[in-house]
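The following features are taken from TrEMBL:
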{"type": "DOMAIN", "residues": "B:137-440", "note": "domain 'Aminoacyl-transfer RNA synthetases class-II family profile'"}
{"type": "BINDING", "residues": "B:E170, B:R214, B:T366, B:R370", "note": "L-aspartate binding site"}
{"type": "REGION", "residues": "B:192-195", "note": "region 'Aspartate'"}
{"type": "BINDING", "residues": "B:R214, B:A215, B:E216, B:E363, B:G411, B:L412, B:G413, B:R414", "note": "ATP binding site"}
Number of protein chains: 2
Amino acid sequence: MIHPARRVLVADLRKHVGETVSVSGWVNTLRLQRKMQFVLVRDHTGMTQVTHRRGGEGDLLERQLEEISLESAVRITGRVLDNPVVNLGGLELVPTGMEVLNRAQAPLPIDEHTGSEHRLDWRFLDVRKRPAAQLLFAVQTTVEQAMREFAYREGCTEMHTPKLMGTASESGAEVFKLGYFDRNAYLAQSPQFYKQMAIAAGIDRVFEVGPVFRAEPSFTSRHATEFTGVDVELAWIDSVEDVMDFEERMLVHTLTTVKNLHGDAIREHFGVEVTVPELPFPRITMAGAQQILRARGWDPQGVKEDLDPEGERGLAAHVMEETGHEFVFVTEYPASIRPFYHMRPADRPGLTSSFDLLWKGLEITTGAQREHRYDLLLEQAAEKGVGTESLRDYLNCFRYGCPPHGGLGMGLGRVLMVMLGLDSIREATFLFRGPNRLTP
Amino acid sequence: MIHPARRVLVADLRKHVGETVSVSGWVNTLRLQRKMQFVLVRDHTGMTQVTHRRGGEGDLLERQLEEISLESAVRITGRVLDNPVVNLGGLELVPTGMEVLNRAQAPLPIDEHTGSEHRLDWRFLDVRKRPAAQLLFAVQTTVEQAMREFAYREGCTEMHTPKLMGTASESGAEVFKLGYFDRNAYLAQSPQFYKQMAIAAGIDRVFEVGPVFRAEPSFTSRHATEFTGVDVELAWIDSVEDVMDFEERMLVHTLTTVKNLHGDAIREHFGVEVTVPELPFPRITMAGAQQILRARGWDPQGVKEDLDPEGERGLAAHVMEETGHEFVFVTEYPASIRPFYHMRPADRPGLTSSFDLLWKGLEITTGAQREHRYDLLLEQAAEKGVGTESLRDYLNCFRYGCPPHGGLGMGLGRVLMVMLGLDSIREATFLFRGPNRLTP
């Protein structure tokens, strides 16, 4: 066994021309010719060519390369040579030895013709072999770190609120129930109540990234039963405008960072241009949005209170035509289609101080100022037929000086989906969970 | 109503002497004297004195201050005056108006004599009123962000792995089970299997912060049924030493950052000195640890395979005496007390390439190199009596070239508990979850 030299990443090989190094990665391609053996080895930074001249009998390396299988994990030690005729960076590795760290079984269970559901079954291979999928998780890391940086700068504290709840508080219907010793517990549909509890606890501004769970039998391209939520809650706000202002600036910071770090790679792998939006984002009331959409032929019966996906797309098209903007805040949702804890403007109790944010016609955020006055909150809960007994701990937060506050919840997968132009949230998630999918 | 001036944080008042500003916060203390009314108002940055000279009949503000209750949320507008005789920063606010944003009911349900369980029931008030609790969440934010910065610099990608699992894979006993449409699902006890799946997916280094769930009926000061885990998994490692090296450097970076940002405040509020540890941390094998402990009288029957809390404390005391170090890696745990997926050294199959990290005698991390070779993994599962059918998706990851890898899992609450010298994990968590506690 040849003692391996120091590992060098493929992207750094150029700095080591003439040196003997080790490359660790996967066997991407094998071209075994009569005199020469060519192996393309891939690590997470790129691909390089290993060029071995067959030595005949007694050439251990020749035999190893003859027998190795695609996607095996190997460590190849060799000399880095400058060779302008080689496609991959004009470099090749002339090997002195190979260690097979983990031999892959053959054949592989998926290939480039495999359908999407079967690819999800073998998600680890699907992600490993596609540079675009690798890029997606790098972009995800950048997105959430940029949001975090912004949030910290704005005075947020990162909280981790419980996912296990004693009661199915927010709404009983779409909640997963589990056995909890001798009783039941429920999985949080969002950190909503707990981030408000953090506000009542004197945390000035709350930031949280964590899983949220929805027991919703939805099979669309944009729903999942578990997804990563980005949540913000801000105390002492003057109005819901403060929340929208926070979000649009957070997104500008995030998209600027993504464009700088990954703009070129996203164009190459996803064919999408990352655009940094202008401030402020357009705002339109729900009533105004419906008026515009009806003029375009939407909802001819005139019965819809909420925007459906068709309405969201139509509105986005309108805003793009009028302003050239990819984003639009839809504000002042009717109280009838918003939860009881959304604040209602004093002079228009049929509306709420709330918003959705659409990006290229897809809802990526719901936000609102919350009702922080105990009596009004009780009234609004009663009006919605929400039982207050199971909400006792939540409601108690408002009895002892909870300040005015508001916030937003954003789906990280949806942000990636829109940003990268993906067809489905399944592609924007490492391991998707839906009503029919709990594996792998 | 006097139109409020721009909000100024209490900590920034010194910059506004002579100006009229608004302070938003909670009524912390009321001293209503015959001629003067003094109110101490607290926001998340500090406390200031509001000084009002009674104006007699027709003085709205006088009446408001007379009627306000402790912990009410108020916005007070007034002129900032330099007054050296005032304790709080030598400043006072001479008010022109007050807006009661949310009046607190009286009396408050907890005070400084309230016991710890009852304080947990009213956690939001407990956290709001205690500066030490506020500091804790600031420190938590710094800790995890420092870990993240380090991890990113070292090439980690932040992943969010599913908490919903189709099978109770890692071990059936301590897993929560839930109804999932027409079948069952289970809550992940750790991201272990999924972060390994990310390694198999070609993610070079994985970082995750997220909730983990343990259906363990433990009532100790260091156990919870839900807590925040920090997980790392590193591909292409040469040995478990690479994992320990990563962790000790991550902790040095983290503690350096915490000491710089919060060292003085931690000393003031918790009476604890944050020490930046020296590299490398001491390492001791389990066999060596037991020898030392037995020489000190631990486990006189000589039957214990694992360290119990007493053993952990004894070992920490020994290491502190010998080296002055607060940390110690205990390595080479027997295979009998480690899970099947821990790698075993080729020449010593009764041991594992694993470690625990103790800090001041409390286990804060378990880590290991993982067995990445499919056949050996199957053998070790069989030997432990672990059924492989429910592990199918996990085991498949090792059939197609999964590279060598290892990682660690750290409890964020335990890190805070040790760092701040807290008696219980309950104090290191925003909303604690235990077998008897699912609220608030």
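Placed from the backbone N, Cα and C atoms, the Cβ positions cover glycine too.
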Relative to the Cα of B:T366 (L-aspartate binding site), which of the binding-site residues B:A215, B:E216, B:G411, B:G413 has the closest Cα? B:G411
Counting by DSSP, what is the helix, strand and coil composition of the region 'Aspartate' (B:192-195)? 4 helix, 0 strand, 0 coil
Where B:L412 (ATP binding site) falls in three-state DSSP terms: helix
For the domain 'Aminoacyl-transfer RNA synthetases class-II family profile' (B:137-440), what's the mean pLDDT in this predicted model? 96
Taking only the CA atoms, the spacing between B:G411 (ATP binding site) and B:R370 (L-aspartate binding site), expressed in whole angstrom, is 20
Residue pair B:L412 (ATP binding site), B:R214 (L-aspartate binding site) - Cα distance, angstrom, rounded: 15
Please report how many Å separate the Cα atom of B:G413 (ATP binding site) from that of B:R370 (L-aspartate binding site), as a whole number. 25
Which one of these binding-site residues, B:R214, B:R370, B:R414, has the sparsest Cβ neighbourhood, judged by other Cβ atoms within 10 angstroms? B:R214
Relative to the Cα of B:R370 (L-aspartate binding site), which of the binding-site residues B:E216, B:E363, B:R414 has the closest Cα? B:E363
Maximum Cα-Cα separation in Å among residues B:R214, B:A215, B:E216, B:E363, B:G411, B:L412, B:G413, B:R414, which the record lists as binding ATP: 19
Rounded Cα separation (Å) that holds between B:R214 (L-aspartate binding site) and B:R414 (ATP binding site): 15
DSSP-derived structure type at B:E363 (ATP binding site), helix or strand or else coil: strand
